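Remarks on the structure that follows.
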């Protein structure tokens with residue numbers, strides 16, 4: 001029974017992570033709160049029309 005619960009919990013957590021991650025791309029592009037640079041990067045590289053600096057990395061939002 002414990003194994004079944006563990007499998008279900010793992011599936012639930014993975015699904016939650018996937019849903020949260022969908023719609024934004026966390027890149028390894030370094031940035032210093034310069035959102036303009038991130039927007040340019042997101043448009044050029046990922047064809048996504050907006051991006052912002054979070055935790056010194058660019059995050060692209062469609």
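Backbone N, Cα and C atoms are what each Cβ position is placed from, and that goes for glycine too.
Per Swiss-Prot, the features are:
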type: DISULFID; residues: 31-53; note: disulfide bond
type: DISULFID; residues: 38-58; note: disulfide bond
type: DISULFID; residues: 42-60; note: disulfide bond
type: SIGNAL; residues: 1-23; note: signal peptide
Please list residues from the chain of residue 38 (disulfide bond) whose Cβ is under 8 angstroms from its Cβ, counting only those at least six apart in sequence. 29, 31, 51, 52, 53, 58, 59, 60
List nothing but the one residue from 31, 42, 58, 60 whose Cβ has the fewest other Cβ atoms within 10 Å; the candidates are the disulfide-bonded residues. 31
DSSP-derived class (H/G/I helix, E/B strand, else coil) of residue 53 (disulfide bond): strand
